[in-house]
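*Asks:* Handing you this structure, nothing more for now.
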Amino acid sequence: SEVCFPRLGCFSDDAPWAGIVQRPLKILPWSPKDVDTRFLLYTNQNQNNYQELVADPSTITNSNFRMDRKTRFIIHGFIDKGEEDWLSNICKNLFKVESVNCICVDWKGGSRTGYTQASQNIRIVGAEVAYFVEVLKSSLGYSPSNVHVIGHSLGSHAAGEAGRRTNGTIERITGLDPAEPCFQGTPELVRLDPSDAKFVDVIHTDAAPIIPNLGFGMSQTVGHLDFFPNGGKQMPGCQKNILSQIVDIDGIWEGTRDFVACNHLRSYKYYADSILNPDGFAGFPCDSYNVFTANKCFPCPSEGCPQMGHYADRFPGKTNGVSQVFYLNTGDASNFARWRYKVSVTLSGKKVTGHILVSLFGNEGNSRQYEIYKGTLQPDNTHSDEFDSDVEVGDLQKVKFIWYNNNVINPTLPRVGASKITVERNDGKVYDFCSQETVREEVLLTLNPC
């Protein structure tokens, strides 16, 4: 069966839209009136109060919408609403770095229902966004190449539908943890995929299986660039889910949203932070997260690393292929940006057991102390590790070394030093520091360039 609506056309429940393994139920989307898609415009001129737009040239021209700016649509997901703070917070961060038409798309009329129905209603949302983009183009001469659609959860697939309906002419779609149930493993027609825009970038933060882990996000790659921060499954600062018994996804409602969805919501928090940290989310190409954490994927290759989030489109090789996978670590709360460094320490002095820590000092900032090695400290041995600093130090000027040995009282007061410390940044730039001194336990040793 099918339903047809003015402006938007017809919607069927034929395969692959329904009646396939991933979507066994034959369900049609609700009417546009019931889904009630709304376009809430924020601009640099009205940062705190939106102007509600409709896809009508006179309404658009009488608003603060400007033809000489990019337009970024932000589409929320299941249970959510367009007036939720996170959408306008992304707009507010954007206003700090650019002039932009920032349109928060509200479809709470269609998102606050059972999940299976909501996953059909996004077809209407995608069609409404596509129609809006078509009106901009046909009535106002505004090119889809100035349009970027950002979608979270089900909103990612609504963005994909908008892109499919505009024949891939939209400049960019960003998927923030695209929803897994009813979408993972389905044909491209139904879900977000790289053909939906000229460039599609995706952040996966909740990619554990829905059963039994309740991971809402897809593990499947669906973009040109797919980022898996912290491995993509368990985000630092999110509690492990104790709802590991199987929950009927159609029975999840608002009270459990933050609790169930901490990992799932991290994706838009990372995006918001990335706007203000243009180099704080470098993603490293790597075979797996385990290989990445084993320090085998550093530094960035010669073409550089893409930045997860807002500046992913600056990566020269962004559309050289689909399903290009990248890994990185983030912080655990509010300031999520991190800068990865590799540090190698060549020891001198006595042979003892202990820990060695190093801190970095640069023209843009200083890092805290990071442990590089613990175990037997043997002169002339070199130990290396990588760490993710919450400070970008810039050009390195000096490093400081310290060691301690776990409260084992050693009456000989041994002295240990670092004859050489090498620091490598993610762009491959290497800095060497040397010292001929040794120090007692818990005494800082400063090494200068050599």
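A Cβ is built for glycine as well, from the same backbone N, Cα and C atoms used for every other residue.
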*Asks:* With the disulphide bonds as Swiss-Prot has them, who is the partner of Cys238, out of Cys262, Cys286?
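*Replies:* Swiss-Prot annotates a disulfide bond between Cys238 and Cys262.
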*Asks:* Of the residues Cys305, Cys434, which one does Swiss-Prot pair with Cys450 through a disulfide?
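*Replies:* Going by Swiss-Prot, Cys450 is disulfide-bonded to Cys434.
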*Asks:* Considering the candidates Cys4, Cys91, which is the cysteine that Swiss-Prot reports in a disulfide bond with Cys10?
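*Replies:* That would be Cys4, the partner Swiss-Prot lists for Cys10.
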*Asks:* Over the domain 'PLAT' (339-450), work out the mean pLDDT and round it to an integer.
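*Replies:* That stretch averages a pLDDT of 96.
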*Asks:* Among the recorded positions Asp177, Glu188, Asp193, whose Cβ has the fewest other Cβ atoms within 10 Å?
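*Replies:* Each of the recorded positions Asp177, Glu188, Asp193 was scored by Cβ atoms within 10 Å; lowest is Glu188.
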*Asks:* Check the disulfide-bonded residues Cys4, Cys102, Cys450 for other C-beta atoms within 10 angstroms of each C-beta and report the one with the most.
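*Replies:* Most Cβ neighbours within 10 Å: Cys102.
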*Asks:* Nearest of the recorded positions to Asp193 (Ca(2+) binding site) by CA-CA distance, picking from Cys102, Ser153, Cys297, Cys300, Cys305?
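*Replies:* Given the candidates Cys102, Ser153, Cys297, Cys300, Cys305, the nearest one is Ser153.
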*Asks:* Within its own chain, what residues at least 6 apart in sequence put their Cβ under 8 Å from the Cβ of Cys297 (disulfide bond), listed in sequence order?
*Replies:* Phe284, Pro285, Cys286, Val291, Tyr327
*Asks:* In sequence order, which residues at least six apart in the same chain have a CB under 8 Å from the CB of Arg191 (Ca(2+) binding site)?
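*Replies:* Residues satisfying the criterion: His157, Gly160, Pro178, Phe183, Gln184, Val222.
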*Asks:* Taking the Cβ of Cys10 (disulfide bond) as the reference point, list residues of the same chain whose Cβ is under 8 angstroms away and which are at least six residues distant in sequence.
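*Replies:* Sequence-distant Cβ neighbours: Glu2, Val3, Cys4.
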